[in-house]
Amino acid sequence: MLFGKKENYLGKDKEVAFLIEKETERQKTSLEMIPSENHTSRAVRQALGSLLTDKYAEGYPGKRYYAGLEYYDKLEDLCRERAKKLFNAVHANVQPYSGSPANHAVYYALLEKGDTVMGMSLPHGGHLTHGWKVNFSSKYYNSVQYGVDQTHFIDFKEAERLAKECHPKLIWVGATAYPRIFDWERFSFIADSVGAYLAADIAHIAGLVAGGVHPSPAPFAHIMTTTTHKTLRGPRGGMIMVTEKGIQKDPDLPKKIDKAVFPGLQGGPHENAIAAIAVCLKEASQESFKKYAEQIVKNSKTLAGELLKYGFKLVSGGTDNHLILVDLRNKNISGPEAQDILEKAGMTMNKNSIPFDPNPPFNPSGLRMGTPAITTRGMKEQEMIKIAGWINEVINDKNSCSKVREEVRELCSRFPLPE
Ligand code: DSN
């Protein structure tokens, strides 16, 4: 038995045990609809909570700076092989602590201070680490940013113009709040035309790519980075993968990436997280995960369709993936207010800027929601129709929060968290 007979050792630390219990109860009885979150399997959590957290393992399998790592080596190798197979990559580094450190390592591997990088701007849905002004990626590099056009789809003309004018060495594609499919091929034409590295940050959509419901960037990008805890449904962690196309452009890419992660930026890898990533990659390679990914998108489209019927305005008019971005301006409520009352009603989503938002980032006009976690619980189209109704009810009448909270609780009791 992995943990011995008595599993609740935390009972000895009453304060921590109490808070974990409260959070468990909160998760069980409410709807987690932040699109970058999910509910992990017990297998993932068991690997994460194992004694693999005990040892230092600086270096890589077969080339470590510490002893006693025979099994750690095997586990990290297993994880790397699973990642390569699932995402069609030729090299994988599974040591980044999360998405931001993974992206930081890509910069460190490929760019010199002051080099030009191009990415999607944060207010238009892009990631902080893709060159946004308050992030290291803009402070240490010369960042140019593309965005979406008035239809809220990526403005390729602008991206092309910027690339030709500014000659970025690295182009990022990927987003935190973009509800549409990425056209990797079109970006690869732009990157190739200026000799840039193309990095696909699939953090949000990794599970959709693994499940075959979003096109894979592997044939088009040189590098793929991802977190492992969003749609992929693993523990908090990050990965960097090099594609066949990446090797063709630069045969030293794997070496450069590995050196940038360690010793460039990180020390000892979190091998307990790496073991848990290996578990989630196995789960994501199964047939049942394909069905899961399909259902995430079906649920998202159903939810979007219902919200449209209630008169909500959706950024880009709908969704192709796991997330929906609502423009609340016609509902007379701000993003933060909507977030708060929905939380009171048991539905957790987050305030978010919308493209061309007239309001500041701390008081944005949008609300971002997604279906990965509620789909993990087994909810389907019928439940999405109910949830859309509750969102509408709460946004139109703040006084309905407690009534809806009870209805949400009842729904959650029929869809337990994964075992
Ligand atoms: N914080 C993450 C999100 O919520 O989308 C960014 O990757």
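For all residues, glycine too, the Cβ spot is worked out from N, Cα and C.
Model, not experiment: these values are computed from the prediction.
Annotated domain 'Serine hydroxymethyltransferase-like' per TrEMBL: 12-391, in sequence order.
Taken residue by residue with DSSP, Leu128 ((6S)-5,6,7,8-tetrahydrofolate binding site) is part of a helix. The (6S)-5,6,7,8-tetrahydrofolate binding site annotation in TrEMBL covers Leu122, Gly126, His127, Leu128.
The Cβ neighbour count for His229 (site 'Plays an important role in substrate specificity'), using a 10 Å radius over every protein chain in view, is 25. Taken from TrEMBL, the feature site 'Plays an important role in substrate specificity' applies to His229.
Under the heading N6-(pyridoxal phosphate)lysine, TrEMBL lists Lys230. Within its own chain, Lys230 (N6-(pyridoxal phosphate)lysine) has Pro35, Ser36, Glu37, Asn38, Ala203, His204, Ala206, Gly207, Pro372 as residues 6 or more apart in sequence whose C-beta sits under 8 angstroms from its own.
Counting only residues at least six positions away in the same chain, the Cβ atoms of Ser100, Leu122, Val134, Asn135, Ser137 sit under 8 Å from the Cβ of Leu128 ((6S)-5,6,7,8-tetrahydrofolate binding site).
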